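According to TrEMBL, the protein has these features:
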- 23-287: domain 'NADH:quinone oxidoreductase/Mrp antiporter transmembrane' (DOMAIN)
- 60-80: transmembrane segment (TRANSMEM)
- 92-115: transmembrane segment (TRANSMEM)
- 151-170: transmembrane segment (TRANSMEM)
- 177-195: transmembrane segment (TRANSMEM)
- 201-221: transmembrane segment (TRANSMEM)
- 233-254: transmembrane segment (TRANSMEM)
- 274-293: transmembrane segment (TRANSMEM)
- 289-343: domain 'NADH dehydrogenase subunit 2 C-terminal' (DOMAIN)
- 323-345: transmembrane segment (TRANSMEM)
Amino acid sequence: MNPYVYFTLLFGLGLGTTLAFISSHWLLAWMGLEINTLAIIPLMAQHHHPRSIEASTKYFIVQSTAAAMILFASMTNAWLTGQWFINEMSHPLPLTVMTMALALKIGLAPLHTWLPEVLQGLDLTTGMILSTWQKLAPFALLLQMNTQNSTMLSVMAILSTLVGGWGGLNQTQLRKILAYSSIAHLGWMILILQYSPNLTLIALLTYILMTFSAFQVFKLNKATSINALANSWFKTPVLTALAPLLMLSLGGLPPLTGFAPKWMILHELTKQELMPLATVAALSALLSLYFYLRLSYSMTLTMSPNNTLGSPLWRLQTPKMTLPMSISVMSSLLLLPLLPTIMAMTN
């Protein structure tokens, strides 16, 4: 792709997300979401492969449906209450439709079925953008909405944690595994949204950091399946030693960074006397942990079979820029000592 076109599309992504951040009016927020969608679709279809074209088409249809629902909900709210402001949506009908529309945009269960298939058809760079940056604008709107005492959000959150755990168990493609990982993490974020929005924001930022690191590791190793991870030791031995820790951080094991948001979410749910929700969420994390352990096992304890017909893998210096990956990987592993400061910020 032409660098000027690529820069323009990335500028459109930033502009759309910024509009959604700063807007207090539903029409301006809708415009930001649409600019965001129109900017990422050419990035999805840039390789002109049938899988990428199919993924971009599915993504366009899903996002168009969600945009139509957002317009319908905002106009219904204006008709019923006379308000166009995001934080003034109080009527149950537009509030429910808007919540469903934003859940469809981010891929929250049971509206998640498009996310694994779309992510599987993309390259790792575009998949990383879809899994990280594209979550920011819908969450900015969810954080501004009146979501107090929403039983529907709690049901969708618990369903997402369970679906994300169960769905990733029998997957062999890394992009589908990360898609179900995204669904499970979204469930944790939505579960605490109506009780502590600050914790939702912390969990979202931590998830973006760890997912960015995972995509960077897979991109450097040119791995798209679990079997391809067996060759990573020959290419990048140091990174291969750190990558299993990154997978376990995504699973939420102490003393890694991913443990902090899950522990704080469980602590807050217990304070709210929601022990059944906290128990189900903690048990669902074990399902996700299983396929993270599979990835760790594939990277460290397996070796690719000797093939005399293939070319040897030399440990040459990569021409790619690895500084962002180095910073994000170490942050994904070593931020747990900041937990007391984070807890002080949320109280």
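Cβ atoms are placed via backbone N, Cα and C, with glycine included.
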Original post:
So, do the transmembrane segment (233-254) and the transmembrane segment (92-115) meet, by the test of 3 or more Cβ pairs under 8 Å (sequence gap 6 or more)?
Top reply: no
**OP:** Could you name the stretch, out of 177-195, 201-221, 274-293, with the greatest number of CB pairs under 8 A to the transmembrane segment (323-345)?
**Re:** 201-221
Original post:
Going along the chain, which residues at least six beyond the ends of the transmembrane segment (274-293) come within the CB cut-off of under 8 Å?
Top reply: 154, 158, 161-162, 164-166, 168-169, 171, 177, 180-181, 184, 187-188, 191, 247-248, 250-253, 262, 265-266
Original post:
Apart from its near flanks, which chain residues at least 6 from the ends of the transmembrane segment (60-80) lie with a Cβ under 8 angstroms of it?
Top reply: 26-27, 29-30, 33-34, 37, 41, 88-89, 91, 93-95, 97-98, 100-102, 104-105, 114, 118
**OP:** Grab the same-chain neighbours of the transmembrane segment (177-195) for me: Cβ-Cβ under 8 Å, and only residues 6 or more beyond its ends, written as numbers and ranges.
**Re:** 103, 106-109, 112, 115-116, 119-120, 127, 131, 135, 139, 142-143, 147-150, 153-154, 156-165, 167-168, 171, 203-204, 207, 211, 214-215, 250, 261-262, 265, 268-269, 272, 277, 281, 284-285, 287-288, 291-292, 295
Original post:
For the domain 'NADH dehydrogenase subunit 2 C-terminal' (289-343), what's the model's average pLDDT?
Top reply: 71
